[in-house]
Amino acid sequence: MSYIGRFAPSPSGPLHFGSLVAALGSYFQAKAHQGQWLVRIEDLDPPREMPGAADLILKTLDAYHLHWDGEVVYQSERHELYQNQIDRWLASGQAYYCQCTRKQIKALGGFYRGTCRNLHLTNESQCAIRLRMTHPIYQFEDQRHGTLTIPTSLADEDFIIKRRDGLFAYNLAVVLDDIDQGVTEVVRGADLIEPTGRQISLYHMLAKTEVKYLHLPLALDKTGHKLSKQNHAKAIDNDNPKPALLDAMQFLGFDITEEIHQASVSEIIAWGVENWHVEQLPAATEITPIFSNRSL
Ligand code: GLU
């Protein structure tokens, strides 16, 4: 089977160092397998998006010589795919409406315990839609980290597939899109280890085989927080890509020699594909990096 990988940024801001690590890791892994590397813009949550961010992200990928295969896919154009699946599950009874508020769930210990599972609520505007958890996943294999464990209470939960505000849930969209696009392996940041169990559950509920997973170490800032668009992590430089590129590659475990420092961006990327090995990735899932090129 041929390899299909992808990079799936949410356009909540420009790419920062952490998202560059995810872009590079997924690109190198795909190209080292002579595979395709797709780009999907995960614009599912308009209130958290920044106008113009999607275009900016694509420009940044170009500037870093990360050229994607095929057309860019936008989740905002794929609501029908998500809604059709939800409708099938509602009709079969696998999904149900739930009126519990976050506050009520918190008061019951923070995990949803199926309060509305058998209430047969009908299309109420004040409801979220949940999926009956019939295929819980308590652990999965990661290409770098081996067997990773998911907390039982999280794995057993009937999770939300459509929010009360009408937005589709990330886990649902990601799995339906990865299936639809023929993705064979997901390479992304270690912050997404926890939702992976739910995503594998979705594959099983859809009678599909899950993709392979590789989670890359997460870059933390000096205060120990994940770099994120919400935390206003600094955008990486489009005009001068080399410092951030070399720092991100060092972070991914490459041994950057003086010769590589002198090479062009496209040569560095080609060298990265040639020299990529999953075993060189740091074993830790969270790292506070110290950069020689001070790109952070
Ligand atoms: N859109 C997600 C993010 O930007 C990544 C989704 C994924 O790679 O599965 O954090």
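Including glycine, each Cβ sits where the backbone N, Cα and C put it.
Where the annotation comes from TrEMBL, it is an automatic prediction and has not been curated.
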TODO: With TrEMBL as the source, identify the stretch among 111-115, 226-230, 271-275 annotated motif ''KMSKS' region'.
DONE: 226-230
Task: Annotated motif ''HIGH' region' segment (source TrEMBL; candidates 9-19, 141-151) - done: 9-19
Task: L-glutamate binding, same site as ARG6, PHE7, ALA8, PRO9, SER10, GLU42, ARG188 - TrEMBL member from TYR64, TYR170 - done: TYR170
- [ ] Can you check how the pLDDT averages out over the motif ''KMSKS' region' (226-230)?
- [x] 74
Open item on the list: Quick check: in three-state DSSP terms, what is TYR170 (L-glutamate binding site)?
Closed with: helix
Task: Contacting positions for the motif ''HIGH' region' (9-19) when only residues 6+ beyond its ends and CB under 8 Å are counted - done: 39, 41-45, 48-50, 53-54, 56-57, 60-61, 189, 218-219, 226-230, 232-236, 244, 247-248, 295-296
Open item on the list: If the criterion is a C-beta within less than 6 angstroms of any ligand 1 atom, which of the binding-site residues PHE7, SER10, TYR112, TYR170 pass it? List them in sequence order.
Closed with: SER10
